[in-house]
Amino acid sequence: MAKETKVFSTAVKIWLLVGVVMVFCQVVIGGITRLTDSGLSITEWAVIQGTIPPLDAEQWETARQEYMVHAIGQVKMKWSGSLYPDGIPMSDFKFIYFWEYFHRLWARTMGFVFLIPFLIFWRRKMLSKPLMIMLGKVVALTVLVAIFGWIMVKSGLDTPEFAWVNGYKLTIHLSLATIVFGYLWWVSLHVIQPITTDEHNKRLRVFAWRITTIVCLQIVLGGLMAGIKAGLVFNHFPHMEVNSTDESWIWIADVLKDYSKWTWENMRAYNSKEGAGFAAALIQLLHRGTAYLLCFLIPIFYLYLRRIHQSKQLAMGGKILIVVLIVQVTLGIFTLLNGIGQIPLLLGVLHQAGGLLLLAAMLYVNYQFSNGGKHILRKVGQKEEALVTTD
C-alpha cells in the first residue's frame with residue numbers, strides 16, 4: 001500500500017539554496033574585506049542612506065577624510081610618512097571602500113532575496129509552521145551577525161593603538177556568520193530531502209557530530225588566526241619556526257615554554273610586543289593541532305562509513321568529505337608558506353571558503369543519519385505536490 005508524503009515546491013527549494021549560496025558568498029566577501037584591510041573604510045552604519053555610495057569628487061573626498069580621521073591606527077601604520085604625505089591616495093581609498101561597500105550591499109541584497117519570496121510563499125500557504133519557525137531563527141541570527149559586524153568595525157575606529165578591528169570581535173562575527181550558513185544549510189536539507197533512508201547507526205552518528213564540533217572549533221581558530229594575524233609568523237611546515245631579526249631560529253616551544261607569558265593580558269593585548277608573539281604562537285599551534293586531529297579522524301570515520309549499508313546520498317557525502325579535507329589542508333599549508341608579511345589574497349579566501357565547505361559536507365553526512373525533515377512537512381498548503389513512497 002502506498003502513502004503520500006507532502007513535500008515543498010521546487011520554488012521553495014531553489015529559494016533556500018540561493019540563500020545558502022548567498023550567505024556563503026557573504027562570508028567569502030567578508031574574508032576579502034579583511035585581507036585587503038577594507039573594513040574601516042566606511043566609518044558609519046547607515047542602514048538606508050548607506051545603500052548609495054559617494055557619487056562625485058566632493059563626496060569621495062569627504063568619505064576619505066572621514067576614514068583618515070576615524071581609522072587613526074590604520075592610517076598611521078599604512079598611510080603616513082614621507083611616502084604618503086597627504087594620507088591614503090584616492091585610488092587606494094576607492095579600492096578598500098569598494099569591498100566594504102560591496103560587503104554591506106550584499107547583506108542588504110540578501111534581505112530582499114529572503115523577504116520578497118517569503119511573503120509570496122507565506123501568502124500562498126507554501127510554507128509550513130515548523131519551517132517558518134526555523135526561518136525565524138535564521139533571521140534572528142542574521143540580525144545578530146549584522147549588529148556584531150558594526151560592533152567589530154567600531155573596535156577599530158578612533159583607537160590609535162589598533163590598526164585593525166579587534167581580532168576577538170572579528171572571530172565572533174565570523175562564528176555567527178558560520179552558524180547562519182550551517183543552520184540555513186541544515187534547514188534546506190530538511191526541505192530538499194525530507195526522507196532519509198540510511199540506518200540509524202548511533203555510534204557513527206555520534207562520531208560524525210563530534211567531528212562536526214571539531215570542524216566548528218577549527219573555523220573559530222581560523223578566525224583568530226586572521227584576527228590577530230597569527231598566520232604571518234611561523235611560516236614553515238611541518239616545523240613551526242620563524243627567523244628573528246638576529247637571524248637565530250625561534251621555535252614555538254621557546255615562546256610557549258615560558259610560563260610567565262601565560263597571562264590573560266598577553267592574550268588580550270595581542271598587538272603588544274610581548275603579547276603578539278605569545279598569542280600568535282598559541283593560536284597557530286592550536287589551529288595546526290586541530291587540523292592534524294581532523295586529518296586523523298575524518299579518514300577513520302570514512303572507513304567506518306564504508307563498512308555499513310549506505311544510500312547513494314551518504315556514499316556521495318563521504319567521498320565529498322574526503323576530497324574537501326584534502327583540498328582544505330593543501331590550501332592551509334600553501335597559505336601559511338606564502339604568508340610572508342601578508343596573507344596571499346586568493347589563497348586566504350579559498351582557505352576560508354574551504355572551511356565552510358568542509359562544514360557543509362559534515363552537516364550533509366550528519367543529516368543522512370537523522371530522521372529527515374518529515375516533521376516540517378505538516379500543513380504545507382492545500383495544493384502540495386506529493387511524494388509517493390511504499391510501505
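Backbone N, Cα and C define each Cβ position, glycine as well.
For 12-32 (among others), the entry in TrEMBL reads transmembrane segment.
As annotated by TrEMBL, transmembrane segment applies to 105-122 (among others).
Remote same-chain partners of the transmembrane segment (134-152), defined as residues 6 or more beyond its termini with a Cβ less than 8 Å from a stretch Cβ, comprise 39, 45, 107, 110, 114, 118, 127, 165-166, 169-170, 172-173, 176-177, 179-180, 183-184, 187, 190, 376. What TrEMBL lists as transmembrane segment is 134-152 (among others).
The feature transmembrane segment is assigned by TrEMBL to 172-195 (among others). Among residues of the same chain six or more beyond the transmembrane segment (172-195), those with a C-beta under 8 A of the stretch's C-beta atoms are 5, 7-8, 12-13, 16-17, 19-20, 23-24, 26-27, 30, 131, 134-135, 137-138, 141-142, 144-145, 148-149, 152, 216, 219-220, 222-223, 226, 313, 356, 359-360, 363-364, 367, 372-374, 376-377, 387, 389.
Look at TrEMBL and you will find 207-228 (among others) tagged as transmembrane segment.
Under the heading transmembrane segment, TrEMBL lists 285-305 (among others).
If you look up TrEMBL, you'll see 317-337 (among others) marked as transmembrane segment.
If you look up TrEMBL, you'll see 343-365 (among others) marked as transmembrane segment.
Using a Cβ-Cβ cut-off under 8 Å and counting only residues 6 or more beyond its ends in the same chain, the transmembrane segment (285-305) has close neighbours at 204, 207-208, 211, 214-215, 217-218, 221-222, 224-225, 230, 240, 252, 256, 314, 318, 321-322, 325, 329, 332, 365.
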